[in-house]
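Notes to accompany the following structure.
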Amino acid sequence: MRVTINGSPREVPDGTTVAQAVRILTTATTGVAVALNDEVVTRGSWDTTALGDSDRVEVLTAVQGG
Amino acid sequence: MDDLIIAGEKFSSRLIMGTGGAPSLEVLDQALAASGTELTTVAMRRLDPSARGSVLDVLRGRGIKVLPNTAGCFTAGEAVLTARLAREALGTNWVKLEVIADERTLLPDPIETFDAAERLVADGFVVLPYIGDDPALARRLEQAGCAAVMPLGAPIGSGLGIRNPHNIELIVEAAGVPVILDAGIGTASDAALAMELGCDAVLLATAVTRAQRPDLMAAAMRGAVQAGRLARQAGRIPRRRYAEASSPMTP
């Protein structure tokens, strides 16, 4: 199925979880937060939240700013 | 200097730093150390797998509390989502609420800011909203439950100083929460003026991070904030039109 991770289209296997999507970008699990279709997915739910076709995943972290 | 208290939390420094604009994390680290700050803002952005080092490591290394902002948001909805992501990523319910109206001026949008503030307060956040120098809006945000108000001196990064000191004084007079002068500071005298006007703290970034010697300017700002606070507490003399002799006039 096709999903979008941080704005880039990606082909991932059916059943891919949020945790697996995050690991495509980073091995870090702290200092990182995930939004799935504009809703926060708490860290405790990453392993149990499966992506659906056309889902939009945003993986954010803190950067210099303000 | 007396402590700054925001939402029940004590800070011995009244200088809040931003981290934007520093040429490297090493330069930022030195500047933060020289500033003596205990509270510093970061922005939330898409994770870049190629990025080396993290601003969070710098703050952790210095024992500085992180204050996530919602920079880059144009609507209340974006700001609320960004604040929730920051809470999840950084483990803090503090947020500097920043909702801008347009990219040219980066001026804050009062309607979207107020909307977001109400929603974030209801969601349990400690909300510090960045606003124009508008006394009415500052009062409304305090009534809505914000933990501080952060009026601008001038547009972000402009270095124009405090363009309307009178409005800042009006905000200070009416406020029951800390007033933090945010944005527009260009040099040390601007920061001192903010404190002399009665602000409880100053937030600045560009004036330090883009100075030719960031660590030196950070030290200057630290001294300016302390001097301004002491001068405010000391109570300045009234301005007079003519001289008043300080020595006896009779021989």
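Keep in mind that glycine also has a Cβ here, set from the backbone N, Cα and C atoms.
TrEMBL annotations: computationally assigned, not manually curated.
Take the 1-deoxy-D-xylulose 5-phosphate site that TrEMBL assigns to B:A183, B:G184, B:A205, B:T206: the candidate from B:G157, B:G223, B:G228, B:G235 listed for it is B:G157. Each of the binding-site residues B:G157, B:G184 was scored by the number of other CB atoms within 10 A of its CB, and the lowest score belongs to B:G157. In this entry, nothing among the binding-site residues B:G157, B:A183, B:G184, B:T206 has a C-beta under 8 A from a C-beta of chain A. The Cβ of B:T206 (1-deoxy-D-xylulose 5-phosphate binding site) has 19 other Cβ atoms within 10 Å, all protein chains considered. Of all Cα pairs drawn from B:G157, B:A183, B:G184, B:A205, B:T206, which the record names as binding 1-deoxy-D-xylulose 5-phosphate, the longest spans 9 Å.
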